[in-house]
Amino acid sequence: MPQTRLTDRFGRTVNYVRLSVTDRCDFRCVYCMAEDMTFLPRQQVLTLEEIARLARNFVALGTEKIRLTGGEPLVRRDILELVREVGTYGLRDFAMTTNGSQLPTMAESLRKAGLQRLNISLDSLDADKFRAITRTGNLSQVLDGIDAARDAGFRGIKLNTVVMKGRNDEEIPELIEFARQKQVDISFIEEMPLGEISEHDRGLALCTSEEVRDIIRRHHELIPATEDSGGPARYFRMPDSEVRVGFISPHSHNFCSTCNRVRVTVEGRLLLCLGNEHSVDLRRVLRGHPVTDDKLQEAIIKAMDLKPERHHFSSNGDVQILRFMNTTGG
């Protein structure tokens, strides 16, 4: 792995890239997108070859960790071909975030293709609540997907739960017990103010990480984990389990000072910060210079100067970023 060349003006090293492969999804989660979402025209979406080229050049610039995101990555046709290709790039960490719906049939193939870790969204263990949050999701299918991932030999499996008051906050103890039973880590996430939603008031629904910890501590002691997560989560352990409990707290405890990541949307926009609109059009560079990579790497390096010191999310429920999470890359 080469010495990184991606450093922003605040001295932060950027070695983690989240690549969105689609804005489409078979769910319509209330915190992620509108129910009648209009998806991008095909011609605006990067080809899998373009995504692989981006990944290859980020690795050439020192990237050690790549996560494939969406939308739902597993609804992208021929996604296994991309996984096989990126899996040959010598990454320290190669992961995917998924809603789990396609894992019953795809988990084993993903593991054999070289994917190392999976983050699986699980916002409820109640079938009716799960359907209400996802609008279209089938809980049993996702639970089967979690089992399929374990059976396929994935050792780095983590559950992600977006906690919302009045929707799923009372399920926190049950979700902890489920993670302990399955021997997988779980992270609780404060809802992020991306895109205008109508299902609930984000300010009223916000459940802070400290509130979640207070609920868990009624049942389990939480001991801060010593290892570096390499991401935004702050991890804790329980004395009687190897399972880690993580907290991603963009509102109550932002992780900006140690931010080591950027995102590329499926349109090829390089986003320097989840909570800012600063971006660089890498699709134009990819298609304008299809043969050589010099201009592409130059654009990526130069873009680091645009990375802001921090985001400015507020907890009042207002929309701070107009783009939805599915177009950002979850």
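Quick reminder: no glycine exception, Cβ is built from N, Cα and C everywhere.
Per Swiss-Prot, domain 'Radical SAM core' is recorded for 9-225.
In the three-state DSSP assignment, the secondary structure recorded for Arg261 (GTP binding site) is strand. Using a 10 Å radius centred on the Cβ of Arg261 (GTP binding site) and all shown protein chains, the other Cβ atoms total 22. Feature annotation from Swiss-Prot assigns GTP binding site to Arg18, Arg67, Thr97, Lys158, Arg261, Val262, Arg263; the stated evidence is sequence analysis.
The DSSP secondary structure for Cys29 ([4Fe-4S] cluster 1 binding site) is coil. Sequence annotations record features per position, and here Swiss-Prot assigns [4Fe-4S] cluster 1 binding site to Cys25, Cys29, Cys32.
Summarising the annotation, Swiss-Prot assigns S-adenosyl-L-methionine binding site to Tyr31, Gly71, Ser121, Met192. Around the Cβ of Gly71 (S-adenosyl-L-methionine binding site), 30 further Cβ atoms fall within 10 Å across all displayed protein chains.
Around Cys273 ([4Fe-4S] cluster 2 binding site), taking its Cβ as the centre, 21 other Cβ atoms fall within 10 Å, counting all chains. Under the heading [4Fe-4S] cluster 2 binding site, Swiss-Prot lists Cys256, Cys259, Cys273.
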DSSP three-state assignment for Gly71 (S-adenosyl-L-methionine binding site): coil
Thr97 (GTP binding site): nearby binding-site residues from Cys25, Cys29, Tyr31, Cys32, Ser121, Cys273, Cα cut-off 10 Å: Ser121
Taken over the domain 'Radical SAM core' (9-225), the model's mean pLDDT: 94
Packing count at Cys32 ([4Fe-4S] cluster 1 binding site) (other Cβ atoms within 10 Å of its Cβ): 28
